[in-house]
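Undergrad: Per TrEMBL, domain 'PDZ GRASP-type' is recorded for 14-117, 147-236. Per TrEMBL, the feature Zn(2+) binding site maps to His17, Cys139. Annotated region 'Disordered' per TrEMBL: 242-272, in sequence order. Per TrEMBL, the feature compositional bias 'Polar residues' maps to 257-272.
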Amino acid sequence: MGQSSSLPTSLPSIALHCLRVVDSSPADGLVEPYFDYVIGISTEQGNNQDLASLSEDGTNSLVGLSKVVEENEGRLVGLRVYNAKSQRIRDVHITPSRAWAEALLLANGDSLPTSSSTSSSNPTGTPKPSLLGLSLRVCNPANALESVYHVLDVLEGSPAEMAGLVPWGDYVLAWSGGPLHSENDFYNLIEAHVDKPLRLFVYNSDLDNLREVILYPTRQWGGEGLIGCGIGYGLLHRIPRPSTPPTAPPLDGYFDQSANAQNRQPEQIASQ
């Protein structure tokens, strides 16, 4: 697999943000959720394309990528990936396949991510198991990691402490419905989940890992606020860049893929 990396001189205006990586899928261990952005694809036939070139206006790049992946099922393809955390570009070699999904389905009958794109082998668009095990959304990679929420002081006995949030080291990246896009989005999300569980995806800069956290906002915990912690947002609260680029994927698998799919925003997220 190609894991050499380089610093980008510029980034394209269109990329596919990797939101989910399913365990045991072809992308498992190769792609880092929330930090990785697919900016190009190459095939064994020597066809190298950036995402904008896969469609006339760039906005249908997800469909274009899906078509290339479908046409190369069982053959090695190269994904050019930008990592927003290290700010480096690397090439990842991956073989699209549905065998992993079929094996899991036979083993335990769990629901699996599907790709509903049409192709010559699937003219009706009937959902099929994902070839890569990725959930993606179209975005501009230049805005990567602008909307993160830095956990500051955590009060004793608060919902934030009960959820295991780590003061000053944790950063909220997203929730089960997808990424957040502004400072107010996070506060509105908290207000909408009073006395209800809220599933968050949290990155810890000290341990360099991503985990799933269940937070229960409430006014009944006996202290100030709904979650009992300070939140920083903006330029001074961005995720720090690692001092040295990682030489291998983290060993913890990033996070459990059993997150509530029903709360995702369908207009932003698609599986591949």
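Placement of Cβ uses the backbone N, Cα and C atoms for every residue, glycine included.
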Undergrad: So what pLDDT does the domain 'PDZ GRASP-type' (14-117) average out to?
TA: 83
Undergrad: Using DSSP with the three-state reduction, classify Cys139 (Zn(2+) binding site) as helix, strand or coil.
TA: strand
Undergrad: Give me the DSSP three-state residue breakdown of the domain 'PDZ GRASP-type' (147-236), ordered helix, strand, coil.
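TA: Split by secondary structure, the domain 'PDZ GRASP-type' (147-236) comes out as 16 helix, 32 strand, 42 coil.
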Undergrad: In terms of DSSP three-state secondary structure, what is the assignment for His17 (Zn(2+) binding site)?
TA: strand
Undergrad: What is the Cβ neighbour count of Cys139 (Zn(2+) binding site) at a 10 Å cut-off, with all protein chains included?
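TA: Result for Cys139 (Zn(2+) binding site): 17 other Cβ atoms within 10 Å.
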